[in-house]
Amino acid sequence: MRKSILSFLEKKGKNEKITMVSAYDYHSAKILDNCDIDIILVGDSLAMTVLGMQDTLSVTMDEMLIFTKAVSRGAKKSFVLADMPFMSYQSSDRDAILNASRFIKESHANGVKVEGGIEIASKIKLISQSGIPVVAHLGLTPQAVNMLGGYRVQGKDLQSAQKIIDDAKAVQDAGACMLVLECVPVKLAQKISSILEIPTIGIGSGKYCDGQVLVYHDLLGLNKDFKAKFVKHFDKIDPQVGVEKYRDEVKSGIFPSEEHSFDYLDDELLDKLY
């Protein structure tokens, strides 16, 4: 049976960790599906990981649709989540709904992911009201890398931390069914996870999120040119073994450890957040 948004909400309620991996092809999707990974994210990170681009901004809808189709063919039980690429939803309500629906109709995805907070809440509402599950993404949002001044931790001071909390509440109220938190301090991610009713999925945001996500190529150590602080290599010899190790360490709370997380907020500042 296909995993569902309802099953992820139940996991949060039972304090059971959700496993997510970003992958881009039929073969890796089959491995992840066989390893009982909850969610396969067809991330726009494929622009850099697979297509060799400098950032995620240049990947197109047509390219994302092709890779999502491949993953959908390989995943029989895992929930397939498609990243909506840069400017496929920001420009207008019409674009947001039409492009989201293309992922469902043409690529057989089960939901879509968008980056941003209050500023895209209206689009999250429109897409979710059309019957398409929407996952939001806050913190380090790669599509806004030029605005953020590079790939760096977000929410390190009172003002920016409160902004992320406000955005998290806004996307939940708009109908988002889940929230990815990328590169935010551990204690901030913990606070957001406790405030929200929807599950949080962390990447570089500590062990207190309701689940974790890593890129398939990263957790297997296939990218020799780059290793972020939040990445752990599990096994590059046998992909199935590597994915199973990742799954088990997420579920048991071993991963991520302090080594793979960021913590810039002291308790005095944390007490001022609401």
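Keep in mind that glycine also has a Cβ here, set from the backbone N, Cα and C atoms.
Record check: Swiss-Prot places Asp44, Glu115 at the Mg(2+) site, and the matching candidate among Asp83, Asp157, Asp166, Asp167 is Asp83. Highest local Cβ density among the recorded positions Ser45, Asp83, Lys113, Glu182 belongs to Asp83, counted as other Cβ atoms within 10 Å over all protein chains shown. Each residue contributes its Cα atom, and for Asp44 (3-methyl-2-oxobutanoate binding site) and Glu115 (Mg(2+) binding site) those atoms are 11 Å apart.
Per-site Cβ counts within 10 Å over the binding-site residues Asp44, Glu115 peak at Asp44. Cα spacing between Lys113 (3-methyl-2-oxobutanoate binding site) and Glu182 (active site, proton acceptor): 13 Å, rounded to the nearest whole number.
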